[in-house]
Amino acid sequence: MNRIHAVILDWAGTTVDFGSFAPTQIFVEAFRQAFDVEITLAEARVPMGLGKWQHIEALGKLPTVDARWQAKFGRAMSAADIDAIYAAFMPLQIAKVVDFSSPIAGVIDTIATLRAEGIKIGSCSGYPRAVMERLVPAAAEHGYRPDHWVATDDLVAGGRPGPWMALQNVIALGIDAVAHCVKVDDAAPGISEGLNAGMWTVGLAVSGNEFGATWDAYQTMSKEDVAVRREHAASKLYAAGAHYVVDSLADLPEVIAHINARLAQGERP
């Protein structure tokens, strides 16, 4: 049938870890532990969605971080420096990712709704396999069990913004056409991943990295603050090319109904 057959979901900030705090906090700690260099949470969020080694590399190229690094060491960050920060990052992330494994509000019900419509649930992450092997069973204990998952270091071709993790889900799930898939993500590299794979793309403006608030903080925010943060996040996701932007995964079934209507009319991503 000419309809959506699969969704490929990101993890942190999309299905678990409202606000995507597990990786951002660990980047701050890893820079401090490896080289006694301070970075802010806001800086740590900028390259979110990339593989973690590539994320550290991108952080080193941020003008503010590069200026601090140059002031301390008199040179730009090297590949060996990135390796050292990554070596500090990995055990910290593996140790703490389970603490951020609870599904975001609405995720479990949304997955049930999608499966009732015959939609398969794929997933992929900027986390490496060593982290995912801790996160996946922890999320399963909370009730979130996708049909397939791919880690950023699983494939020789690489991770985001390339299409390969999303396409590996297509293969594993046996989907007949990429136009029958939706890639859902809270960060720009994940939107690019979906577009490069030829899929429909949905950005999440409130639950994830760009909004950047904990669930408790979000619950107590003024409507004005929410609106400003939502607009900031949505603008970045639309700029990345997202076909749709909604607040969280709870809004996805309505979007899929809209996409199905477009597919029925012969439209493609």
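Including glycine, each Cβ sits where the backbone N, Cα and C put it.
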Given Swiss-Prot lists ASP10, ALA12 for Mg(2+), the same-site residue among ASP153, ASP154, ASP176, ASP186: ASP186
Nonlocal residues around ASP10 (active site, nucleophile), in sequence order (Cβ under 8 Å, 6 or more apart): GLY49, SER123, CYS124, SER125, GLY126, VAL184, ASP185, ASP186, ALA187, GLY190, GLY208
LYS52 (active site, schiff-base intermediate with substrate): secondary structure state under DSSP, collapsed to three categories: helix
